[in-house]
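*Asks:* Submitted below is the structure of interest, expressed as structure tokens.
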Amino acid sequence: MEQCITIESLRHARNTLGNVGFVPTMGFLHEGHLSLVRRAKAENDAVIVSIFVNPAQFGPGEDFETYPRSLEQDMALLAKEGVDIVFTPKAGDIYPQNYVTEVSVKGVATQLEGASRPGHFTGVATIVTKLFNIVQPQKAYFGQKDAQQCAVIKRFVADLNIPVTIITVPTWREKDGLASSSRNVRLNPEEREKAPALYKALQRAQSLFQKGERDRNVLEKAIRDTLKQNNIEKIDYAKIVDPLTFQEVNPVSESGIALLAVPFSQARLIDNLPLALE
Ligand code: AMP
């Protein structure tokens, strides 16, 4: 496994490979990330993983400085998976001083996470576009865990005619149902005990949907009520939307997806569940 730090060295190393599957990450890797890597490995000649905590997608007051990092451990995990190249660029090379261009997505990027975290998806769309141009993968892998991110990426890839196939990989969960996340380490023991209620709340909406409930308000209330029953009082949002446009739909259709965001003391967690599946 080769580590490339400069853009030039990455381009050079990439040119020796055939079809590339690409997994962009911010590091502090867990089984969820590795499930993307395994899928990429199975479907391509070679796999490139990037590790870059992208300052542009963190708002003022968010956790850029304290975002967990563990490069040495990440490298060992990726070597074990048989990854070909790990790209770990420096922020100064990605955003040099004269840098003034952004990729800004309207529509799907404006609701939920877009509304709660202004500028977040512009940061995501900009870095992912840059990484696609640098790595030039045939396929790129993203987690369903970040459902809105997947929708935003599919939108701008289509809109900007970027020649890459976007693959969405199912959410990887801990045994108790909590979606794996680099930020889970920042939950205190009491919060960690409560956190599986996020998945329970989504499952509650899914179960009502599968019994025939199609009223968005009823389903969203069921999510909020389940969180409250599990002593989670502060909820950023609990919504049912269309998975492509992220517009609220009522009555809810078969493709509807339930999403929520819950702030804990040191970490804000998000999760989602398509209503018709599982
Ligand atoms: P991050 O390092 O948080 O930017 O995540 C990198 C990629 O891993 C993104 O495409 C995420 O959606 C994906 N990912 C993160 N957590 C999970 C999970 N629990 N299951 C599946 N994919 C995940």
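Note that Cβ sites are derived from N, Cα and C of the backbone, with glycine treated the same way.
TrEMBL: automatically predicted annotations, no manual curation.
Here's the feature list from TrEMBL:
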ACT_SITE  H33  active site, proton donor
BINDING   26-33, 143-146, 180-183  ATP binding site
BINDING   Q57, Q149  (R)-pantoate binding site
BINDING   Q57  beta-alanine binding site
*Asks:* I need the CA-to-CA distance for S182 (ATP binding site) versus Q149 ((R)-pantoate binding site), whole Å please.
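*Replies:* Given the Cα positions, S182 (ATP binding site) is 16 Å from Q149 ((R)-pantoate binding site).
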*Asks:* Filtering H30, G32, G143 (binding-site residues) by proximity to ligand 1: which pass a Cβ cutoff of under 6 Å to any of its atoms?
*Replies:* G32, G143
*Asks:* Quick one: of the recorded positions H33, Q57, Q149, which has its CA closest to the CA of S180 (ATP binding site)?
*Replies:* H33
*Asks:* Using a 10 Å cut-off on Cβ-Cβ distances across all protein chains shown, tell me which of the recorded positions (H30, H33, K145) has the largest neighbour count.
*Replies:* H33
*Asks:* Which number gives the other C-beta atoms within 10 angstroms of the C-beta of G32 (ATP binding site), all protein chains shown included?
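*Replies:* Counting Cβ neighbours of G32 (ATP binding site) within 10 Å gives 21.
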